[in-house]
Amino acid sequence: MKKRVSPMASLFFISALAAAFHSSSEAAASSQSPFEDNFSIMWSENHFKTSEDGNTWFLSLDKETGCGFQTKQRYRFGWFSMKLKLVGGDSAGVVTAYYMCSENGAGPERDELDFEFLGNRTGQPYLIQTNVYKNGVGGREMRHMLWFDPTEEFHSYSILWNDHQIVFFVDRVPIRVFKNNGEKNDFFPNEKPMYLFSSIWNADDWATRGGLEKTDWKKAPFVSSYKDFSVDGCQWEDPYPACVSTTTKKWWDQYQAWHLTDSQKMDFAWVQRNLVIYDYCKDTDRYPKLPVECSLSPWG
């Protein structure tokens, strides 16, 4: 595991970033609207609640079941963002997933982009896991620590997706860059439109310390909170939306969005030095021959 930096140093650093880091994506037009305008409940509607004003949404998990929702629309390329506040206290075994997927279920040919938040015992750090699937093949996990407690207040988690790169952001800080090589390949998902999903579920067979820490159901219900869904993307329309062939008219697929900006590279370098605790591209026991995409530089 990487040596942890001083929490106070991290706070000062990220505070400076937050003050200075307003990329073109911040100014881009996006849509924010109530839950029912964008989403449908996937299962266990009685485990879903909203605030009185309808602007904050809550998913709960108990021993009986969890809950999940998905967008009504599919998208191919764009900027997708949501603010989440994760389960507080003892959340070992609990996974909050926030992801994009080309299918409603875990189909064998699905494309998928994952944020997974792995619960913890009280006092231990939350881990965030990201993964990328193409045609049903994943195994491209990275795990990061966070520089804040994600249970205390809302933080934004975003995905930038175009034909050149996929970037996972936390509070506008890029934590992972997944590049395309510009050729037909079996690792970069760029053909299938995707829904956006979120769910909370029990995964105590693997989520916390490899399954050693089990869910304490006496602490249930476990509740994750959501607000400020924002999307600026190419909405799919069968058989083929016009915007897919003209995406360079959109900020998220113009030249400056094909690679990290100079300030984003600074942020990304800091994350790489201090917060990465697992990278499949460095796991030679698991992959004696590293996957092709591991040779692509995130800096280009």
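Note: Cβ is positioned from N, Cα and C throughout, glycine not excepted.
Marked as signal peptide by TrEMBL: 1-20.
TrEMBL lists 25-226 with the feature domain 'GH16'.
TrEMBL lists GLU112 with the feature active site, nucleophile. Around the Cβ of GLU112 (active site, nucleophile), the number of neighbouring Cβ atoms within 10 Å comes to 21.
According to TrEMBL, the feature active site, proton donor maps to GLU116.
The N-linked glycosylation site annotation in TrEMBL covers ASN120.
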For ASN120 (N-linked glycosylation site), what residues in its own chain, 6 or more apart in sequence, show a Cβ-Cβ distance under 8 Å?
ASP90, SER91, ALA92, TYR126, LEU127, THR208, GLU213
